[in-house]
């Protein structure tokens, strides 16, 4: 092949004419061989530009062989190359020549770095669709066979991801060979290969004929689900969902359920975790009869598993389990078969388990209805609101809207208050931040009187929190509250308290007044802004701290559009002009920007 630098200098390189566009192509081609990895990477990312300039023939005859040999490069470069080649069919002459892209991608599918291999497989899957059935058997299937029988496990793992894309369009004889190769990879000596095969088992099952699913895929599933490596067994659980969707109820009971039962009681917690994590999908795939007879007992065991991770994963699925049950049986099954286990989990020793349950338990209220919620769930909610773990309390509060729809929030309000206050004052600022974000929702559900009496002071306290993110969130919170409760409420309750902070000795608190005014002005409208807020902002223009003064300029720019012309010309303009002459550069800059934006020059 021509040297990389020679590639760019022929007349075909940039479409002839020897114009300026030829130069960058020559540079890009040179960079493909540069010692600097960043330059090689840059060139690979522009590979389509090079190919376009070279034309389809030179791309096929020169560029692709060159790229096939660059296999010993940095992983980052190889990753970019694997990605580029997936979209290269048009640049080599269209689908008739798609097979030309296979050699470099085959090489990339065998490298050591997993990310590169995965990207090469992704591109090969893409290109397989562009092969005609004849080309698929002539070029693509042999590639899959070579990878599947490669000496290195890396090539065999890559092959696993390619069976499902070439199987549907292959002839019957070739299909039999493909199935045979997949079977052998499922019993490969190397666990990594069996893992790759297990991860693609469900996907492969979907493209097989039903008879082959029963006669070949199910035995493979059974074998992988009892593999000596738990990392293989847990992937077989994932495949179970896809396989179950393809079989009849009778077949499921005889062919799949014994293996799934075994997985739900596996000695490795990671396999049991996978059953819990995929429970909703398994439930849908298996259908109501098997769910009732087999899956519910398995779920009960997962809820009382000795491993906290498993209990947490199962707890997460409680609400979905209920929603997926037949409507006529939901209430009875949850009340009799699931609720006793939930009651135990409320006082679990592990906070992740309690937190997982708290994030979904409120959703059961819509399934169980008003009476059951008040009698059975309410005591659990109240216990969780008093839990020592902030995440548990937070998860209950953040899902209050579910309960509000069923029983109304008043039932909870007395227990809710201490929990909210504690979270609002929690030492961790992220916990405080989370509760602020739920405040507008809570306010809407609790009503204005309850809010003013119990929660208003908290909202004001957040405005002077020592963490900026909290002060900022508290400001946005006020705006949302005004949108919920109206301008009259703002005028009487919020605005006076905000304006008092303008005289606070701490300049950060004085600045918070300005941030609040920025947020509230739009929600409060012209009259309140002009009469109550503007005078305070103008007065603060004389503040001793430059940070406050330039924030005055920014505030005037923000509230300017809400004010009428008289206020702008008579009050705002003189103050901005004065700030525009300030000794501080930032104050001067923001004042002049405000004058310009408000067209007051």
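Cβ coordinates come from backbone N, Cα and C, glycine included.
The N-acetylalanine annotation in Swiss-Prot covers 2.
Sequence annotations record features per position, and here Swiss-Prot assigns repeat 'HEAT 1' to 20-58.
Swiss-Prot lists 59-96 with the feature repeat 'HEAT 2'. Across the residues of the repeat 'HEAT 2' (59-96), the predicted structure has a mean pLDDT of 83.
Distant neighbours of the repeat 'HEAT 3' (97-135): 56, 60, 64-65, 67-68, 71, 75, 78-79, 81-83, 85-89, 143, 146-147, 150, 152, 154-155, 157-158, 161-162, 165-166, 169-170; these residues of the same chain sit at least 6 beyond its ends, with a Cβ under 8 Å from one of its Cβ atoms. Under the heading repeat 'HEAT 3', Swiss-Prot lists 97-135.
The repeat 'HEAT 5' annotation in Swiss-Prot covers 174-212. Using a Cβ-Cβ cut-off under 8 Å and counting only residues 6 or more beyond its ends in the same chain, the repeat 'HEAT 5' (174-212) has close neighbours at 137, 141, 144-145, 148-149, 153, 156-161, 163-164, 166-168, 220-221, 223-224, 227, 229, 231-232, 235-236, 238-243, 246.
For 213-251, the entry in Swiss-Prot reads repeat 'HEAT 6'. Among residues of the same chain six or more beyond the repeat 'HEAT 6' (213-251), those with a C-beta under 8 A of the stretch's C-beta atoms are 179, 182-183, 186-187, 191, 194-195, 197-199, 201-206, 259-260, 262-263, 266, 268, 270-271, 273-275, 278, 281-282, 285-287, 289-290.
Remote same-chain residues near the repeat 'HEAT 7' (252-290) are listed as 214, 218, 221-222, 225-226, 230-231, 233-234, 236-238, 240-241, 243-245, 298-299, 301-302, 305-307, 309-310, 313-314, 316-317, 320-321, 324-326, 329 (criterion: CB distance under 8 Å, separation of at least six residues from the stretch ends). The repeat 'HEAT 7' annotation in Swiss-Prot covers 252-290.
Marked as repeat 'HEAT 9' by Swiss-Prot: 334-372.
According to Swiss-Prot, the feature repeat 'HEAT 11' maps to 412-450. Panel annotation: around the repeat 'HEAT 11' (412-450), residues 378, 381-382, 385-386, 390, 393-394, 396-398, 400-401, 403-404, 458-459, 461-462, 465, 467, 469-470, 473-474, 477, 480-481, 484-485, 489 of the same chain, lying at least six beyond its termini, place a Cβ under 8 Å from a Cβ of the stretch.
The repeat 'HEAT 12' annotation in Swiss-Prot covers 451-489.
When DSSP labels each residue, the repeat 'HEAT 13' (490-528) comes out as 35 helix, 0 strand, 4 coil, counted as helix, strand and coil in that order. What Swiss-Prot records for 490-528 is repeat 'HEAT 13'.
Per-class residue totals from DSSP over the repeat 'HEAT 14' (529-567), listed helix then strand then coil: 34 helix, 0 strand, 5 coil. What Swiss-Prot records for 529-567 is repeat 'HEAT 14'.
The repeat 'HEAT 15' annotation in Swiss-Prot covers 568-601. Here the repeat 'HEAT 15' (568-601) has long-range neighbours at 534, 538, 541, 546, 549-550, 552-554, 556-557, 560-561, meaning same-chain residues at least 6 beyond its ends whose C-beta is under 8 angstroms from one of its own.
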